[in-house]
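Listed features, source Swiss-Prot:
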type	residues	note
ACT_SITE	His22	active site, proton donor
BINDING	Asp30, Arg107, Tyr129, Gly130, Asn131	substrate binding site
Amino acid sequence: MLKTISPLISPELLKVLAEMGHGDEIIFSDAHFPAHSMEPQVIRADGLLVSDLLQAIIPLFELDSYAPPLVMMAAVEGDTLDPEVERRYRNALSLQAPCPDIIRINRFAFYERAQKAFAIVITGERAKYGNILLKKGVTP
């Protein structure tokens, strides 16, 4: 156990966050995301909510300031988004600094980004469209 490191952050996740360089991307996915069929390394965080993990990592993680650092999946035509999901994520991410805008991209574009991500963290999140991509920035 380390001081000031949230116990929600596993040693494997801490290692991945440290190894990521600026511009690298990490996905925090809901429990239904097809992470194991994609290329990046997969980290399990079963039972944890995405918002809780975001709150735990944001003191350690600099978001990119040169490109949109937050991306979520847009609803498929005919589906609706639950605004509470994005609100929870924004609240968690704004604990250190104002939360940047979250952009939405279509499902297949999100899958393409996920295939190129540094890692995917599968959580116990069950909210529909509960996946979020974070782009790492340069630590000041």
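Going from the start of the chain as shown, residues are counted 1 onward.
Yeah, the Cβs are placed from backbone N, Cα and C, and that goes for glycine too.
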Original post:
Sorted by position, what residues of the same chain at least six away from Gly130 (substrate binding site) have a C-beta under 8 A from it?
Top reply: Ser29, Asp30, Val50, Val85, Thr123
Original post:
Are there residues of the same chain, six or more positions away from Arg107 (substrate binding site), whose CB falls under 8 angstroms from its CB, and which are they?
Top reply: Met73, Ala74, Val76
Original post:
For the substrate site made of Asp30, Arg107, Tyr129, Gly130, Asn131, how many Å separate the two farthest Cα atoms?
Top reply: 14
Original post:
In the structure shown, which of the recorded positions His22, Asp30, Tyr129, Asn131 has the fewest Cβ neighbours within 10 Å?
Top reply: His22
Subject >> Cβ-based neighbourhood (8 Å from the centroid) of the substrate site, residues Asp30, Arg107, Tyr129, Gly130, Asn131 excluded >> reply: Ser29, His32, Phe33, Met72, Met73, Phe110, Ala127, Lys128, Ile132
